[in-house]
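Structure first, commentary second.
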Amino acid sequence: MELTANNQEFEENIAPSIKEVTQLSNEELRILHEIPKFRPIIQTFVVIGTYLTLSSLGFWLNNWAVWLLIWFVQGFLFVCIFAAIHYCSHTSLYRSKNANRFVGTFLSLVLLMNFYFHKYIHLGHHQETRNKGIIVGDTSGWQTFPDIKTYFIALTYFYPLATWKNWWIATKGLYINSSIDPQQEESDVAIKFYVNYFKTPEQRQVVLQNNWLLLGWVVVMAGLTVIYPWVLFCGYWIPLLTFAAPFGFILTITDHYGCESGLNHNEWNNTRTMLSNSIVRFYYFNNNYHVEHHLYPSMPEHNYPNIHELVKHRLNYVEKSYLMFHLKVMRGLIAAKSQ
């Protein structure tokens, strides 16, 4: 399976420095790291506003064919909301740290996520990717697929599987082992993952507190569903639990799938950038520029296209289209099965 769109060859174990490639001065970097005041707020409201407008259209037309199309688009919008959460975890979406924390926490509840769990695991993912070249966390469970059947299982159940693997198993371990010594050897991989990235009692405590927030959200939404079943099922539960999972898989598995992983590898060859189209890029908060994000994790997303222009000649893994990427993966898995 050939997934590289760039024929640039790299000497193994030799990574060009970021500054060497971009040729950016410290002042230019400072400017690129400035977070705009209104753009991210407008972008967030456009995503949420589009979702609510589609729901209103569905209730107005009240047609099942229309609802299916609306749920399909809303599944994509849920993943765009996840992209906003992702940047909030880096404190790079809004100027205010409190705004990033509040919006990230609220939107995480909407997606039935624990914001601080995601934040610490994801920051650990960046640390391991940069320092060791190892892809852990995020979509690392599917670094490559053994067969086409596994691919379709992941496509169908990506969200619940990711929730189970990256939250429930480890959270249970955290409750049981909340006072665990970070230096202590553990046989449970999930608990070891906690120990690595939830370094302080304060971090573990805030994760557990967010679990109570999440429980409260589920109770409130369940109560509202009893009172307004048609509104909540059609406007929230069905697109979240049915259509968000495939889109989550389609848009996030591309980040590192089939890339290099292991000691001496780096952002140039263990991460992929997707180009896509302007609509996807806007709604997805430029999260498709994943190499650029790994190079500058704290940079506001609207500047990643500028960074891409500076580093594109050095990128080892680039794809133009999410659809074409997945078609290549499927063709490769089918071809491997027939051999």
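Just so you know, glycine gets a Cβ as well, placed from its N, Cα and C.
Because TrEMBL annotations are produced automatically, they should be read as predictions rather than curated entries.
Feature annotations, courtesy of TrEMBL:
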type: DOMAIN; residues: 63-322; note: domain 'Fatty acid desaturase'
type: TRANSMEM; residues: 41-61; note: transmembrane segment
type: TRANSMEM; residues: 68-87; note: transmembrane segment
type: TRANSMEM; residues: 99-117; note: transmembrane segment
type: TRANSMEM; residues: 212-230; note: transmembrane segment
type: TRANSMEM; residues: 236-254; note: transmembrane segment
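Within the same chain, residues 67, 70, 73-74, 77, 80-81, 84, 93-94, 103, 231, 234-235, 282-283, 285 sit at least 6 positions outside the transmembrane segment (41-61) and bring their C-beta atoms closer than 8 Å to a C-beta of that stretch. Packing against the transmembrane segment (212-230) from elsewhere in the chain are residues 105, 108-109, 112-114, 236-237: each is 6 or more residues past its ends and has a CB under 8 Å from a CB in it.
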